[in-house]
Amino acid sequence: MTDTPDSSSDPHAPKAQNVNLLRKFLNGTEIDTRLLGMFGALALIWLGFHFYGLIFKGFGAMLTPRNLWNLSVQTSSIGIMATGMVLVIVTRNIDLSVGALVGVTGMTMGILQAEIFPQYIGLGHPMMWVITAICGIALGTLIGSFHGWLIAYRDIPAFIVTLGGLLVWRGTAFLANNGKTISPLDDTFKLLGGGPYGTIGATGSWIVGLLACAVVIFMLYNGRRKRSVHGFAKRPMWGELTVGGLSCGMIIGAVLLVNAYPWPKGIVKQYAAANDITVPEGGLFISHGFAIPVLILLTVGILMTILVNRTRFGRNVFAIGGNPEAAALAGINVKWMTLKIFALMGALAGLAGVVASARLNSATNALGLLDELYVIAAAVIGGTSLAGGVGTIYGAILGALVMQSLQSGMVLIGFDTSIQQIVVGSVLVFAVYLDNLYRKNAK
Amino acid sequence: MTNERTGTPLVEMRDISISFGGIRAVDGVSLDLYPGEVVGLLGHNGAGKSTLIKCLSGAYQADSGKFYVDGQPATINSPRDSRDLNIETIYQTLALADNLDAASNLFLGREITTPLGFLDDGQMEAETRKIIARLNPNFKKFKEPVSALSGGQRQSVAIARAVYFNARILIMDEPTAALGVHETEMVASLIKELKNQGLGIFLISHDTREMMDLCDRVAVMKNGQLIGNERVEDVTEDDILSMIIMGKNPKAAA
Ligand SMILES: Nc1ncnc2c1ncn2[C@@H]1O[C@H](COP(=O)(O)OP(=O)(O)OP(=O)(O)O)[C@@H](O)[C@H]1O
Ligand SMILES: [Mg+2]
């Protein structure tokens with residue numbers, strides 16, 4: 001064998017050099033192309049809707065702090081569930097019941113905080129929100145465990161169990177309060193859904209942002225140190241700096257963005273009156289900052305990423321997805337794992353129920369309707385393979401953001417619900433097709 | 001010979017039977033294994049070799065029969081039970097999770113963790129590099145999922161997994177089927193080395209010559225039954241072939 005020719009002797013040198021540069025960038029930073037593709041899709045959607053608005057309506061509403069802030073809040077409950085759906089799909093299962101679980105847990109929490117708990121601890125008790133949320137999450141966990149038990153220990157396919165669950169729990173949510181809506185909810189509970197008061201303000205957001213940057217830098221440093229210990233190949237220094245710079249840049253950009261969105265005048269007036277502040281002539285600029293549900297999503301995302309990448313549980317989940325027989329032969333209790341995965345999915349659906357009902361400040365039996373489809377779509381668009389064994393948490397959260405961006409972009413430019421459905425459906429199918437192409441090329 | 005079969009056997013399988021929907025895949029087989037001994041299992045396709053050793057490895061539960069390890073009765077209801085008895089198995093199908101890398105497969109179900117309980121991937125990869133270097137020095141793809149490996153490389157991972165955990169009893173179901181000449185030789189010398197360390201090895205292979213070379217004893221199965229169980233120095237290759245094909249033991253007849 002002779003040496004493979006390098007790019008200098010290549011007749012298509014300029015093009016090859018570009019390709020090499022990109023390859024070198026990707027290798028050096030270890031950014032995978034799928035992540036890049038997701039950011040590309042997101043940028044495309046955001047710019048597309050913005051300029052569509054700008055050109056045809058005279059106003060681009062997509063890329064405003066207000067809209068992007070709303071987008072972050074709207075993404076929360078789907079994003080929370082999508083992280084759990086990754087594990088479900090990775091192990092070659094599916095959960096069609098998550099939307100109905102949001103409904104039934106939301107409804108139950110509504111009844112608990114409006115009718116049951118006040119009898120014992122009084123309306124507006126400061127602990128009301130915690131107790132209610134814990135009950136909701138516990139109920140989700142319980143139902144998820146039951147589904148998991150039917151699937152793992154009674155060998156009923158997940159598709160059937162959770163399809164049944166979808167109907168059963170949606171029906172239960174209706175019966176629970178005879179179809180009546182419960183509103184308003186507890187004042188503190190409500191903050192979990194966002195809204196002007198359900199935010200951490202400018203200072204809080206800076207603290208969160210800078211903390212996040214510190215964590216990113218620490219993780220890069222620690223990763224490098226670990227590779228040194230074992231003498232493995234390290235990223236080139238410029239690669240580390242690029243990754244660190246990009247990540248911190250995005251975090252700080254997000255902080256600037258959420259801080260650029262002020263409270264509406266009415267809220268400011270109300271707040272000023274309540275706190276004896278005089279509003280100056282030009283009005284008072286009070287930033288929203290990060291919304292609490294977004295922080296919940298980020299926390300869930302981080303914890304789930306640790307669970308998936310750094311624990312035995314996560315490793316075993318992927319082993320089961322890659323080869324269930326091999327996992328069983330390696331001594332992994334596949335049934336028990338399956339039950340736990342569905343329990344976790346149920347818990348996350350309960351948490352999403354908290355966020356969704358708090359955001360609406362009401363519990364209705366239609367809460368979370370069709371969420372299962374958005375959640376599955378988010379996971380799949382985020383690179384989770386329905387064949388099992390492949391998927392990432394960050395991908396699923398980005399997938400949720402992509403889905404929500406599409407949805408909200410279409411609302412902004414005034415598309416009907418029917419057209420929205422057509423577009424979302426087509427995009428899902430197209431995304432999976434693109435994913436297939438990507439996988440084939442990657443091989 | 002060094003391997004006088006004295007003392008208690010490492011493993012003894014007594015009268016093992018298992019059926020799949022009416023087919024008696026293993027039919028009353030009794031077989032033992034002594035420390036430092038390599039016992040070869042031969043037989044035509046579908047003879048029941050893999051099924052027999054899967055009963056020992058906990059992958060299947062025998063319908064009837066008993067296991068003794070070091071002379072003590074042992075219950076083997078799951079792969080975990082078998083591992084706890086220091087029995088390691090290389091399955092014919094390799095039993096690898098294709099989406100995971102070599103280190104994750106090697107430590108599957110027995111991951112190394114840090115004091116805080118998190119996976120220690122660095123340590124696992126370092127250990128994997130060490131053990132695989134002994135089997136296949138050309139192996140380089142430590143970061144890729146094993147689906148990206150060649151058949152022989154995958155087999156190296158499966159062998160490394162069985163050898164790594166200091167087994168006392170090793171089951172190897174056609175471990176060299178996909179290996180090149182050089183790699184096969186390395187596995188053969190590994191088997192000899194392990195045997196000298198006092199391990200007992202069940203080896204399954206269709207290569208009669210290789211078996212004559214590596215094994216102390218050969219056991220031949222046909223249609224789920226044990227046809228013969230002879231020391232290699234007492235039989236010829238033709239004897240073995242006739243047992244495999246005719247299902248008769250010329251020794252027993254003689
Ligand atoms: N899980 C199973 N379900 C049903 N039948 C099975 C199962 N496993 C094995 N069998 C049957 O048991 C018999 C023995 O199979 P086994 O795999 O033990 O053969 P083998 O001797 O290992 O053959 P080979 O040399 O081809 O590997 C075959 O008839 C096979 O069809
Ligand atoms: Mg076999």
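Placed from the backbone N, Cα and C atoms, the Cβ positions cover glycine too.
Nobody curates TrEMBL annotations by hand; they come from automatic prediction.
Not measured: the values here are computed from a predicted model.
Marked as transmembrane segment by TrEMBL: A:35-56 (among others). If you look at the transmembrane segment (A:35-56), the same-chain residues 6 or more away from its ends with a CB under 8 A from one of its CBs are 26, 62-63, 381-383, 394-395, 398-399, 401-402, 405-406, 409-410, 412-413, 434, 438.
Residues 98, 102, 158, 193-194, 257-258, 261, 288, 290-291, 293-294, 296-297, 300-301, 304, 308, 317-318, 320-321, 337-338, 341-342, 344-345, 347-349, 351-352, 355-356, 359, 368, 371, 374-376, 378-380, 382, 384-386, 388-393, 395-397, 399-401, 403-405, 407-408 of the same chain, all 6+ positions outside the transmembrane segment (A:68-91), place their C-beta atoms under 8 angstroms from a C-beta of that stretch. Summarising the annotation, TrEMBL assigns transmembrane segment to A:68-91 (among others).
Annotated transmembrane segment per TrEMBL: A:98-121 (among others), in sequence order. Proximity of distant same-chain residues to the transmembrane segment (A:98-121), defined by a Cβ-Cβ separation under 8 Å and at least 6 residues beyond the stretch ends, is recorded for 77, 81, 84-85, 127-129, 131-133, 135-137, 139-140, 143-144, 165-170, 172-173, 176-177, 182, 185-186, 189, 345-346, 349-350, 352-354, 356-357, 362-373, 375.
Residues or ranges marked as transmembrane segment in TrEMBL: A:127-151 (among others).
Listed as Cβ neighbours of the transmembrane segment (A:158-177) (distance under 8 Å, sequence separation of 6 or more from its ends, same chain) are residues 88, 93-97, 99-101, 103-104, 106-108, 110-111, 143, 147, 150-151, 342, 363, 365, 367, 369, 372. The transmembrane segment annotation in TrEMBL covers A:158-177 (among others).
If one looks beyond the transmembrane segment (A:197-221) by at least 6 residues along the same chain, the residues whose Cβ comes under 8 Å of a Cβ in the stretch are 190-191, 240, 243-244, 247-248, 251-252, 254-255, 258-259, 267, 286-293, 295, 358. Marked as transmembrane segment by TrEMBL: A:197-221 (among others).
According to TrEMBL, the transmembrane segment annotation covers A:241-263 (among others).
TrEMBL lists A:283-308 (among others) with the feature transmembrane segment.
Look at TrEMBL and you will find A:341-361 (among others) tagged as transmembrane segment.
What TrEMBL records for A:373-398 (among others) is transmembrane segment. Within the chain carrying the transmembrane segment (A:373-398), a Cβ under 8 angstroms from the stretch's Cβ atoms is held by residues 34-35, 38-39, 42, 75, 78-79, 81-83, 85-87, 89-92, 94, 96, 98-99, 297, 301, 304-305, 308, 318, 321-323, 424, 427-428, 431-432, 435, 439, all 6 or more beyond its ends.
Sequence-distant contacts of the transmembrane segment (A:410-434) (same chain, at least 6 residues past either end, Cβ-Cβ under 8 Å): 37, 49, 52-53, 56-57, 61-62, 67, 377, 380-381, 403. Annotated transmembrane segment per TrEMBL: A:410-434 (among others), in sequence order.
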Among A:241-263, A:283-308, A:341-361, the most Cβ pairs under 8 Å with the transmembrane segment (A:127-151) come from A:341-361
Long-range Cβ contacts under 8 Å made by the transmembrane segment (A:283-308), restricted to residues 6 or more beyond its ends, are 69, 72-73, 75-77, 79-80, 83-84, 86-87, 191-196, 198-205, 208, 254-255, 258-263, 265, 268, 271-272, 277, 314, 317-318, 348, 351, 355, 358-359, 392-394, 397
Counting only residues at least 6 beyond its ends, the same-chain positions whose CB falls under 8 A of a CB in the transmembrane segment (A:241-263) are 25, 28-31, 65-66, 68-69, 72, 196, 199, 202, 205-206, 208-209, 212-213, 216-217, 220, 235, 271, 285-291
